[in-house]
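Per Swiss-Prot, the features are as follows:
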COMPBIAS  398-408  compositional bias 'Basic and acidic residues'
DOMAIN    100-178  domain 'RRM 1'
DOMAIN    433-520  domain 'RRM 3'
MOD_RES   THR31  phosphothreonine
MOD_RES   SER83  phosphoserine
MOD_RES   SER215  phosphoserine
MOD_RES   LYS222  N6-acetyllysine
MOD_RES   THR285  phosphothreonine
MOD_RES   LYS425  N6-acetyllysine
REGION    387-408  region 'Disordered'
Amino acid sequence: MATATIALGTDSIKMENGQGTAAKLGLPPLTPEQQEALQKAKKYAMEQSIKSVLVKQTIAHQQQQLTNLQMAAVTMGFGDPLSPLQSMAAQRQRALAIMCRVYVGSIYYELGEDTIRQAFAPFGPIKSIDMSWDSVTMKHKGFAFVEYEVPEAAQLALEQMNSVMLGGRNIKVGRPSNIGQAQPIIDQLAEEARAFNRIYVASVHQDLSDDDIKSVFEAFGKIKSCTLARDPTTGKHKGYGFIEYEKAQSSQDAVSSMNLFDLGGQYLRVGKAVTPPMPLLTPATPGGLPPAAAVAAAAATAKITAQEAVAGAAVLGTLATPGLVSPALTLAQPLGALPQAVMAAQAPGVITGVTPARPPIPVTIPSVGVVNPILASPPTLGLLEPKKEKEEEELFPESERPEMLSEQEHMSISGSSARHMVMQKLLRKQESTVMVLRNMVDPKDIDDDLEGEVTEECGKFGAVNRVIIYQEKQGEEEDAEIIVKIFVEFSVASETHKAIQDLNGRWFAGRKVVAEVYDQERFDNSDLSA
């Protein structure tokens, strides 16, 4: 073995085959920050690789379709061009594809694709967003193309998002420049759509059903059909659908009254249908890609998800999960690190929550449509006569007979009553299981036995999950008053209401106890200040 010795003062370092001690001992271990940066780099490279492959496959697929169409025009019928019917079908498909796209310009350079997606998502499901990037500055060029699943979503976005303030700039929203060649077909589709009294409804709450939407909208007239588009995989609706009325006036009233109406915490987007009725189909593969590309994308996504899970478990408690994380996880990151989620439809006329990396940028949207709906026809409430059991007739007079749940489920409601019932349905899903007891004890009365005593007493009304005794100082002064609030969480809401009914107003140690329902969301977020 060849060796060499380098003398440095009194010390010497022996080299073997040109390798020093550092090579023999190995590199020092990576710090947590370096490990995080490495994981980010790996995941970013994987994401870019997948995006590049999908773009190439999409382009190849589109070119293949164009080639097939051209070949069909030459070969079909021994050299004859496509038949008029086939040619018209192809033209309509191209026109529909163009109608689904909108151009978005004057985008602030700090805003990314996620911000654009979340700002435009309330109008309908987005198939793709195409942003052009400058390879030198590594920033987008200030414009993008948003492609929706249905033309009506693009039409609503065009009507309601043009000149909206986004990131400190008034964005420009319009049709793509190539719409001119398809304009005659688009006009023809619009003319056909006028023969049907259809409206498009988007931003529908996930917990609402077709019947719920129908009951709300039938206040404006008789409905022929009401269908929400379904995801064939999950079976859940995708947040949009179409309603067809018998009369044109009904559809006009519904659009003018229900656009931007708050239904279940989400503001509906309602507009006239711009295409004739077609089946609410979902492409079998995302974005119309060939099956191989869809499978590859799904596999790659699963791989990335697995990497995130492994990386998150390795650095739990010390590091935030790198890369694409859920909005809840981004709360752990420093302010300004990533854009926050955009709730584009939190209030009529306002888009809130858009926070680019720097600086903080307000996002506002001018008021559109009617915020407080004016009913075109007075709401009606008709109850179907329930079947009465013999025992009920004997026990209760007709005026005092209780309504059974099965009877309530068959009520026929419409108009404002329908909207109220739908809102109540959504609120029931969030009923609180937490009771707060006020004015029960003084701070000096708190001891180790108090929690057990409260648990035992409240256990008479149901299963108690936990008891929290909270002392709240009423000011910054040293001698500020301290009040005691006792929070009791039951297993179900009915037990909470039973306890409140029994304990509210009861006297305890010379004090009149106040028992109330406490907001579940506040309690879950450890906010005991209300």
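Every residue gets a Cβ built from N, Cα and C, even glycine.
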Given the model, what does the mean pLDDT over the domain 'RRM 1' (100-178) come out as?
89
Let me know how many other Cβ atoms fall within 10 Å of the Cβ of SER215 (phosphoserine).
23
The domain 'RRM 1' (100-178), counted residue by residue under DSSP: helix, strand, coil:
24 helix, 31 strand, 24 coil
Tell me the residue counts in helix, strand and coil for the domain 'RRM 3' (433-520), as DSSP assigns them.
24 helix, 33 strand, 31 coil
